[in-house]
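K.L.:
My questions will all concern the structure given below.
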Amino acid sequence: DEAAAQRTKGPKGQGPGSPWAASATSSPATTTSGSTPASPAAFASPGTIVAERDEAVRAREDALRMREQAERERDQAREEAREALAKLERSLAAAGKEPLEAEGMAEAKAAEQAEVAQAAEREAREAAQTEAAAARAVAKEAEAEAAAARA
């Protein structure tokens, strides 16, 4: 009977032996071992899996944005160091100081700014790695739930 066959089919055309068939029939479906299978509610819904995957994608995008921001900050610090060096050279030339004397002071200033830029880049990289690890964990969990739902 076509109507009875249609009632016993669950999502994605599951047959009478599927866990979804239990709600369409009077007796619970049993597995080959004789036990009743887990309820479909025990698995993550496709919506939950999609939401977790989307969250992992957003976390990865956030990590990439933070890395790009750190690179921009580093480049900006380098540019500021170049400008400071040029300004220092101009002021020393106006004061009649020797370029070698000015060079030592400029190098110290540039080294300090480079350290600040490197620290910012390191922080951003660590934050990006943390975010990426969290995103991988969420994705792995979603994959495991999807695999369990398919099993």
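For all residues, glycine too, the Cβ spot is worked out from N, Cα and C.
Please treat TrEMBL annotations as automatic predictions, because they have not gone through curation.
Copying in the features that TrEMBL gives for the protein in this structure:
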- 1-83: region 'Disordered' (REGION)
- 17-48: compositional bias 'Low complexity' (COMPBIAS)
- 51-83: compositional bias 'Basic and acidic residues' (COMPBIAS)
- 95-128: region 'Disordered' (REGION)
- 102-119: compositional bias 'Low complexity' (COMPBIAS)
K.L.:
What is the number of residues in the compositional bias 'Basic and acidic residues' (51-83) that are helix, strand and coil, as DSSP sees it?
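P.N.:
Summed over the compositional bias 'Basic and acidic residues' (51-83), the classes give 33 helix, 0 strand, 0 coil.
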K.L.:
Would you mind listing the long-range same-chain contacts of the compositional bias 'Low complexity' (102-119), meaning Cβ under 8 Å and 6+ residues beyond its ends?
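P.N.:
Same-chain contacts beyond the flanks: 73-74, 77-78, 80-81, 84-85, 88-89, 92.
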K.L.:
With DSSP, how much of the compositional bias 'Low complexity' (102-119) is helix, how much strand and how much coil, in residues?
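P.N.:
Taking each residue of the compositional bias 'Low complexity' (102-119) in turn, the totals are 18 helix, 0 strand, 0 coil.
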